[in-house]
Amino acid sequence: MLTIYNTLSKAKETFKPLDGNKVRMYVCGMTVYDYCHLGHGRSMVAFDLVTRWLRKSGYDLTYVRNITDIDDKIINRANENGETFDALTARMIDAMHEDERRLNILPPDQEPRATDHIAGMHAMIQTLIDKGYAYAPGNGDVYYRVGKFVGYGKLSRKKIEDLRIGARIEVDEAKQDPLDFVLWKGVKPGEPSWESPWGPGRPGWHIECSVMSTCCLGESFDIHGGGSDLEFPHHENEIAQSEAATGKQYANAWMHCGMIRINGEKMSKSLNNFFTIRDVLEKYHPEVVRYLLVASHYRSAINYSEDSLRDAKGALERFYHALRGLPRVAAKGGEAFVERFSMAMNDDFGTPEACAVLFDLVREINRLRDSDLEAAAGLAGRLRELGDVLGVLQLEADDFLRAGAEGKVDAAEVEGLIQARLQARTDKNWAESDRIRDQLTAMGVVLEDSKGATTWRLAD
């Protein structure tokens, strides 16, 4: 039975979909003004993992992740570049999809864009005005009346009184309350705009997600996800808007993934420790980066460092070494490992424990490979099956272990030297065998002798 930590209740809860076996999940996606950074990658991989496990568990999942394609940052970057906002967002969306493909992230079922839902935003804003939850002061803006929504703060546990006392609030004479937030922004010179009942302008960030989620999934749905940095104010404001407009509970469960830290510090441009996904993939195999992101629990912060990446690479090498040399057959045996893996994943997607099961499975494969090849191969199939839930271990073992060899060594030359060494060993010419091994070592090639075969990989 699956349990999920619900940020709304601050507790693990048994997961019960609203509609039988059907699950509807919405995740806040990218604001596409720049290349995706590792924090985006963390969120994308975390909810890809959730998607894979829900489907593996037999749920009929509809996964929606939005694209914010109009925003202050987008407008500013487009102006800096001397291009239109939609030209910028088109490039960045293509780049995001390429990053996802390389990290083996499954595409969402729907990927709505904010600019395609302007009419829906007008409708929800008008509903909020009609119900007294929003007001138009006459300057082209429309604001949400925070004080009217009784449940404000229920997600973040923040109190309106404390927010008023503790916040550094900019004076805005158009607001009735300093905590009120914008639903519709009146047009400014040089900015893209859309016609509306309140004059030309563009939507505020928070209303975009309320409209896209309810348009795609209905007024109430099962899971709403995103990074922990979105809990307040973005997700708090989504709840306030949506529940005031519909009179219904917005999302049943709220899931938030942890942040990325760089060598123990928060990742930020100001600290000059900011990495895009493509920066990291220049140095590390995509599966290494993905494993780093799934091996920690999704709610935990991840420390990104050279050491952590080396650890991730080492773990994958152990897995692929176990798979190497075994025929690809259907998963067979290892039911106890499957049960332990499932228990871990059903406990709020407990990937650290799930990964520990994979290591135990590797030990069993290695124990059997010289005595019972058929059993070892069946367990290797099981390892790939469970690895697929994490989005790893689907490559050919040699392809992973030799990744990066292109341009560094000539594979044909290496294979020729290995064959010459095998012949020398057959002839009991140990001096020649050692000489060839030394030559390969000097080339950065590591040989691994096993029963009846020699394989190779590049040294770290």
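Each Cβ is built from the backbone N, Cα and C atoms, and glycine gets one as well.
The stretch that Swiss-Prot tags with motif ''KMSKS' region', taken from the ranges 111-115, 196-200, 266-270, is 266-270. Checking Swiss-Prot for motif ''HIGH' region' across the ranges 30-40, 283-293, 382-392, 404-414 points to 30-40. With every protein chain in view, the residue among the binding-site residues Cys28, Cys209 whose Cβ has the most Cβ partners within 10 Å turns out to be Cys209. Per-residue confidence over the motif ''HIGH' region' (30-40) averages out at a pLDDT of 95. Working note on the binding-site residues His234, Glu238: by count of other C-beta atoms within 10 Å of each C-beta, Glu238 ranks first.
Secondary structure from DSSP puts Glu238 (Zn(2+) binding site) in a helix.
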